[in-house]
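A.B. asks: Attaching a single structure in structure tokens format; questions to follow.
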Ligand code: AMP
């Protein structure tokens, strides 16, 4: 029997998301999420996609990631998809920070684990959880290849001119301060799918990819290679996000410390958790913000301001990446906001006919689960909506590596 199944694990600090896919026929066998790990009210939601039946939800304390993965394994076993199955080819792990070294998916060994650990200072929130997920999976199936798929990998092709901050070189190198970029798995998947939608070879097209979810990033992709992206040393730089500020003058931080008396940790929390849309208007969900604007009245003003700031920043990045690329074949929207919010897409390119950019109102308003063009048929630059699928991309990369003998 050929092993064709891949389990994809995305381990956060207090959550684990998972999907089991069969790469033989591309089907999704099961998916789910464990939340609030370490609390008394942990919750496991499991969708038995292949086995059929309703989503199962269990609540109760799940102490740590090991207990969480064991609970997931049990749910899968109930569907006849246990982790002991010989059909399981590998486990693919999302790892947020791969630094400069990891330019592609990598089979995990002790040296790889040590390097992911060495990168904790530049990804203190994410890499420790990712490591725990890998180590726990290794304990459950020590014989199976564990593959790390890095959020930063797609961006390692950025030229130095885009990847370096203009600060003292020795200090930057000593502390590994440079622009790494994130959401790379999504940008890679969406770029390829966008080229397919255009009926072109990925190597022949230049794209501006806008991943607009709760976190948000833009990238400039030239012939399938990333040449610039909006997130930097950490996922804080760039676009306005659900709770993150994106770009600010770095002196804002000194000012808040010196004049506002805030500690570094307080400023970190402010910029990462209490800024962006939520800081501007109290809501980080674009649906809610649009509802407030559409209903009008007093409550609408702050929502409108938040929307305008979000769009202003987005348009600045579209313009910047247009200049970085020189020639643009398509602007591509993806992730929660990008896939679902017609008003955001419309406002992002409004008045940019001079750059060849426009959306067709009917196409933009239509809802569809698949990749689609929303620009008028005669547009010089295509505007597209391409749903992202990071789990599928992680599974594809994991399976390709294992099948081709990388393991
Ligand atoms: P993601 O991080 O990709 O899961 O995106 C989550 C975000 O997508 C939410 O916080 C919302 O702002 C946004 N979103 C999801 N569904 C919609 C929708 N139907 N319309 C507008 N925004 C949406």
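Here, residue 1 is simply the first one shown, and the rest follow in order.
Glycine residues also receive a Cβ, built from the backbone N, Cα and C atoms like all the rest.
Heads up, TrEMBL stuff is auto-annotated, nobody curated it.
Sharing the record's features from TrEMBL:
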type: ACT_SITE; residues: 151; note: active site, proton donor/acceptor
type: BINDING; residues: 10, 390; note: Mg(2+) binding site
type: BINDING; residues: 17, 211, 212, 213, 214, 215, 285, 286, 287, 336, 337, 338, 339, 340; note: ATP binding site
type: BINDING; residues: 94; note: substrate binding site
type: SITE; residues: 183; note: site 'Transition state stabilizer'
type: SITE; residues: 244; note: site 'Transition state stabilizer'
A.B. asks: For a Cβ distance below 6 Å to any atom of ligand 1, name the recorded positions from 17, 183, 212, 285, 390 that qualify, or say none.
C.D. replies: 285
A.B. asks: Enumerate same-chain residues with a sequence separation of six or more from residue 94 (substrate binding site) and a Cβ-Cβ distance below 8 A; give 'none' if the list is empty.
C.D. replies: 8, 9, 10, 11, 130, 149, 151, 185, 390, 394
A.B. asks: Max CA to CA distance in Å over the ATP-binding set 17, 211, 212, 213, 214, 215, 285, 286, 287, 336, 337, 338, 339, 340?
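C.D. replies: The widest Cα-Cα gap among those binding residues is 24 Å.
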A.B. asks: Where residue 285 (ATP binding site) and residue 244 (site 'Transition state stabilizer') are concerned, what is their Cα separation in Å, rounded?
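C.D. replies: The Cα atom of residue 285 (ATP binding site) is 13 Å away from the Cα atom of residue 244 (site 'Transition state stabilizer').
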A.B. asks: Using DSSP, would you call residue 337 (ATP binding site) helix, strand or coil?
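C.D. replies: The three-state answer is helix.
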A.B. asks: Give the helix, strand or coil assignment DSSP yields for residue 214 (ATP binding site).
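C.D. replies: Coil, per DSSP.
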A.B. asks: To the nearest whole angstrom, state the Cα distance for the pair residue 244 (site 'Transition state stabilizer') and residue 17 (ATP binding site).
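C.D. replies: About 22 Å separate the Cα atoms of these two residues.
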